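Encoded as structure tokens, the structure appears first; notes follow it.
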Amino acid sequence: MGVPAGDVEKGKKIFVQRCAQCHTVEAGGKHKVGPNLHGLFGRKTGQAAGFAYTNANKAKGITWQDDTLFEYLENPKKYIPGTKMIFAGLKKPNERGDLIAYLKSATK
């Protein structure tokens, strides 16, 4: 299954409700419990400068893009065993598509 086309506004609401307590998206945004996500697309796992990643995250070696984020966001601990991201995931494909659409627009 491909990544469903997402709605940026719905994705923003999901980000605010489920992600913003640990992540920022703006250029120059600070790291919180999780890394700043600016420049996420096209970056390899564990590469945000100044953030202390687990070895598992650094070693995963995939590049963040629509399809890898779609799989990761369903169940982060299954996709990267040993990640410190304490998020159960988004089980609904349309919600993951919405969040990815928002992240693509907000992290450029």
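Glycine is no exception: its Cβ is also placed from the backbone N, Cα and C atoms.
In three-state terms derived from DSSP, Met85 (heme c binding site) belongs to neither a helical nor a strand segment and is classed as coil. Cβ contacts within 10 Å of Met85 (heme c binding site), excluding its own Cβ and spanning all protein chains shown: 18. Summarising the annotation, Swiss-Prot assigns heme c binding site to Cys19, Cys22, His23, Met85.
Between the binding-site residues Cys19, Cys22, Cys19 has the most other Cβ atoms inside 10 Å of its own Cβ, all protein chains included. Long-range Cβ proximity for His23 (heme c binding site), meaning a same-chain Cβ under 8 A and a gap of 6 or more residues, is found for Phe15, Lys32, Gly34, Pro35, Asn36, Leu37.
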